[in-house]
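Working notes, beginning with the structure itself.
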């Protein structure tokens, strides 16, 4: 496997809370996939702070993933096309759907994700890998003294 790209993102939890309040909850529905949305509602019902932290880590993971694959938030990378779920062990993993899944499969891209949150911030890091041979590196221009 070769590294296709890496991405990282950090978001302030208060920013996510403010957007969620301003949109009456629609922000979560816009950003989260169906499985993520179920977890968000369950966590938020138990603790508003844990719900906000979950939403922030998932938002951050999508941003980091979009950077790792080199597209930013442009088709086929859409908010709901990528979900970050958790194994029983707690390990996060990404699941792509629709046209994003097709785009990734055509390029042999898989990804690993890690997320974390603390009192004020959520952070994510994504490593996208491919089984395709990496392109030759661009020559480095030499400068004369």
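Every residue, even glycine, has its Cβ placed from backbone N, Cα and C.
Swiss-Prot has this to say about the protein:
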BINDING   9, 63  Mg(2+) binding site
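In sequence order, 7, 9, 11, 73, 124 make up the list of same-chain residues 6 or more apart from residue 63 (Mg(2+) binding site) whose Cβ falls under 8 Å from its Cβ. When secondary structure is read from DSSP and collapsed to three states, residue 9 (Mg(2+) binding site) falls in the strand class. Every protein chain considered, the tally of other Cβ atoms within 10 Å of the Cβ of residue 9 (Mg(2+) binding site) stands at 21. In the three-state DSSP scheme, residue 63 (Mg(2+) binding site) falls into the helix class.
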